[in-house]
Amino acid sequence: MAASGESGASGGGGSTEEAFMTFYSEVKQIEKRDSVLTSKNQIERLTRPGSSYFNLNPFEVLQIDPEVTDEEIKKRFRQLSILVHPDKNQDDADRAQKAFEAVDKAYKLLLDQEQKKRALDVIQAGKEYVEHTVKERKKQLKKEGKPTNVEEDDPELFKQAVYKQTMKLFAELEIKRKEREAKEMHERKRQREEEIEAQEKAKREREWQKNFEESRDGRVDSWRNFQANTKGKKEKKNRTFLRPPKVKMEQRE
């Protein structure tokens, strides 16, 4: 049923839709193979091209429904973490490490109730967007007097549309998060540069003040020494002028 639905979608959509449907079909085929839980398939799934965005949805990483319990999440984590652990896949250790990190990150995210709620909100938003879009299209078709049947009436194609929109929302949020982090990092860097500049300016001012005071003390000492030397010379000179006149002996006849 899924295969025929996807084939029909490929024939009716544009090139972008056809590409997505082909991709989605391949993903579903991989997921079907993954149901046997082999290390090779799981590592391939978690490290395939574009995995940095595909792995943003923690439920997709662990291949579980959003409605599962925390106990089921833990059980699934144990299964996948054992399968992709680098120690068990030493012939493909680098990719195994990357896959293990993706599984570990998804598991920890779902243990955090706040982050889990955010992920659920994104999934719900994707579903509501598709439902709204389908409703508007049906309304427009009815207005035009045309049959209101749309491809999303097929449950499998509806799931595909939700999957596509959800993946898009996760990607958009990740891009915004990175932009926000880059902006915050730039702001922290700017503030740090201003702090360093202020510290250097204060240091230069302290050094200038210190040098000024030291040179001022030197100038004062030089002036005092000059005054003392000048005064001493004057006193010595005055003492020279105050010498008593020589007494001339009177000669008697």
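Glycine is no exception: its Cβ is also placed from the backbone N, Cα and C atoms.
Note on Swiss-Prot: of 31-34, 87-90, 203-206, 243-246, the range annotated with the feature motif 'Nuclear localization signal' is 203-206. Of the given residue ranges 49-52, 69-72, 189-192, Swiss-Prot assigns the label motif 'Nuclear localization signal' to 189-192. For the domain 'J' (57-124), the DSSP-based tally of helix, strand and coil residues reads 57 helix, 0 strand, 11 coil. Reported as a whole number, the C-alpha separation between Ser222 (phosphoserine) and Lys146 (N6-acetyllysine) equals 106 Å. Counting same-chain residues at least six beyond the ends of the compositional bias 'Basic and acidic residues' (181-222), none has a Cβ under 8 angstroms from any Cβ of the stretch.
Across the compositional bias 'Basic and acidic residues' (181-222), the DSSP tally of helix, strand and coil residues reads 42 helix, 0 strand, 0 coil.
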